[in-house]
Amino acid sequence: MESQQKRQRSTRLAGRNLKRKLSRETVAASIVMQITEVEDKEADLVVSIRRHVEVLNSSFSDATDSDREAVKGAAAAISSLAKIDENVEMMVENGVIPALVRYLESPAINSNVPKSCDHKLEKDCAVSLGLIAAIQPGYQQVIVDAGAIVPTVKLLKRRGICLGCMEANAVIRRAADIITNIAHDNPRIKTNIRVEGGIPPLVELLNFPDVKVQRAAAGALRTVSFRNDENKNQIVELNALPTLVLMLQSEDPSMHGEAIGAIGNLVHSSPDIKKEVIRAGALQPVIGLLSSTCLETQREAALLIGQFASPDSDCKVHIAQRGAITPLIKMLQSSDEQVMEMSAFALGRLAQDTHNQAGIGQRGGIISLLNLLDVHTGSVQHNAAFALYGLADNEENLADFIKAGGIQRLQDDNFTVQPTRDCVVRTLKRLENKIHGPVLNQLLYLMRNTEKNIQTRIALALAHLCDPKDGKLIFIDNNGVEFLLELLYLSGMKQQKYSSRALFELARKATSFAPEDSAPSSPTQRVFLGEEFVNNPTLSDVTFLIDGKKFYAHKICLVASSDIFRAMFDGLYKERNAQNVEIPNISWEVFELMMRFVYTGRISITKHLAQDLLVAADQYLIEGLKRLCEYTIAQDICVDNIPMMYDLADTFNASALRRACTLFVLEHYTKLSSEIWFPMFIKKIIPEIRSYITDILTRPVQASSTVV
């Protein structure tokens, strides 16, 4: 029985293994089958393409109806295959292009059919060539090398044959499409098209009765004119501008889209053509197209407005008067980044005029442009920054700029390219230069009388922009410092960061304007005995005992350096008449350094002794030495030790060290904020921040300070 159960388990296990093996083999077989099917399909496609090419390449000495139908069928089949991008490479490799070019000139295969009515073969060939040229630039040159330009130009000139025939019109339209696709981003081919006479028939086709042909001709002119001055000049000389301007007013989006694209390419880097376009009446139709439902048309219209408003142009005001500003600002909120980019570009150009600056600001342009700074595309950011730079030149925009939080947005530094950062720096400097007189008075009025969030934004902005001499007026007399301090403990992290940065900048500017003097010794010590008398028994009248060692000193020097020594030797203390005075709790090394300072007024303090020397200097009220110790200790302040450093400053009333700690906190607020102890710490030191800012803003300023 037991052996039977073992055999059953073994049988089941073997069965499961067999199933897994069969399953893996099935999957592998399926993959092989799929690969084989793909290879078979590709092989079949190659065979099919070669068969069609062979038919097209056949020479018929006595063409029959079946021969003609075979050629047409082959061209139609290739046209269908060319609509699938994956097929094109295989088609080119198997000689499709020369075979198609051969039939652009309608050879004798069509001799028994009235030529004026049978255009399907030419159309299918033109469609295929246009599709192939659009796939990759290398195919453009292959088509040209096969001799396609001359027959294509001849097709463009067929406008007098079969007027009203849809097939004939389709051939002309497809010929224009070939021009568009073979010339795209290929300067040499654009030149070849002009040399072979392709531009005049395209200009004539702008007035063709069929609107599809008009659109295709405009598209071809748009392509051949891009960055080709000779082509541009010929198009203008052939009087294409009036017709293109009329096409701007078409209700067909594809029609006015191609027209505005063609005009934009003609105008690009061509001041003279730009003037002719404006004289031809393009300005108002282009402004109208800013409200088009077609995003591409909006882009082109905004770009063209920006070109019309170039620095050397005098029509910036006319553009604004004709209603361009409102739709351009609306376009800043588009879902299409290129629309946002081009509208910001146009507004940046328009903002170089004082009247336009105010108009853009009053219509809400500032907020919309600031929002574009959050778009992580370099060109969008840069165009928005440049437009804001223009708006910042107008004092009427300053309050709106600041109320919108513009200063904080500019300082966030989320910019992807250096030129944008440079532009923002210039904008902030331009704003800073205007914070005085009526502008400052307006901001102070708002800081007293508007809602809280606006008051806070004004305080944040003025901390960075105000003249240091106005600091007391803004932040003490008008309570600005309290708005900043409140943000440190009653707001989110981002607002706290803004506040700490503003307070740091305010302190930095104020101290540079009215620098804090180094604290002197108390009482003021004007004469030092000198290095040679340090621990010198000559004329010594008191001896200190430190760690069992004797240190010889001179009471006259000690009394002049410290109130503690004055009381010790000139008062009622027991040390007054003592010859030996024991000094507890101070090491010999620290005491010697302290005495060296008393005798010379200067010493070099090492970091490992600085804290002990600070304790000694505080104990004996040697303020000059204490200040030197504070400065030395402050060099070691870091994120990890800032609480300890602040406690040290608090314990020994080390004001310079305490303020160094305060400045460090404000400067490195973002790093410190991630520490778990920081929220309690910042609440603890806010009174010190308030005291420090108040002190430096109310400190008397020297009458004149010359900066060399």
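Cβ atoms here come from the backbone N, Cα and C positions, even for glycine.
Heads up, TrEMBL stuff is auto-annotated, nobody curated it.
Long-range contacts of the repeat 'ARM' (197-232) within its own chain (CB-CB distance under 8 A, at least 6 residues past either end) are made by residues 149, 152-153, 156-157, 159, 163-164, 169, 172-174, 176-177, 179-180, 183-184, 187, 190-191, 238-240, 243-244, 247, 250, 252, 254-255, 258-259, 261-262, 265-266, 268-270, 273. What TrEMBL lists as repeat 'ARM' is 197-232 (among others).
The average per-residue pLDDT of the prediction over the repeat 'ARM' (239-281) is 93, rounded to a whole number. Per TrEMBL, repeat 'ARM' is recorded for 239-281 (among others).
Annotation source TrEMBL lists repeat 'ARM' at 323-365 (among others). Distant neighbours of the repeat 'ARM' (323-365): 287, 290-291, 295, 298-300, 302-303, 305-306, 309-311, 316-317, 371-372, 375, 377, 379-380, 383-384, 386-387, 389-391, 393-394, 396-397, 400-401; these residues of the same chain sit at least 6 beyond its ends, with a Cβ under 8 Å from one of its Cβ atoms.
Residues or ranges marked as repeat 'ARM' in TrEMBL: 364-406 (among others).
Summarising the annotation, TrEMBL assigns domain 'BTB' to 540-607.
Sorting each residue of the repeat 'ARM' (364-406) by its DSSP state yields 32 helix, 0 strand, 11 coil.
Secondary structure of the repeat 'ARM' (239-281), assigned with DSSP and counted as helix (H, G, I), strand (E, B) and coil, comes to 31 helix, 0 strand, 12 coil. Tertiary neighbourhood of the repeat 'ARM' (239-281): same-chain residues 203, 206-207, 211, 214-215, 218-219, 221-222, 225-227, 229, 232-233, 288-289, 292-294, 296-297, 300-301, 303-304, 307-308, 310, 312-313, 315, selected by CB-CB distance under 8 Å and a gap of 6+ residues from either end.
Sorting each residue of the domain 'BTB' (540-607) by its DSSP state yields 32 helix, 14 strand, 22 coil.
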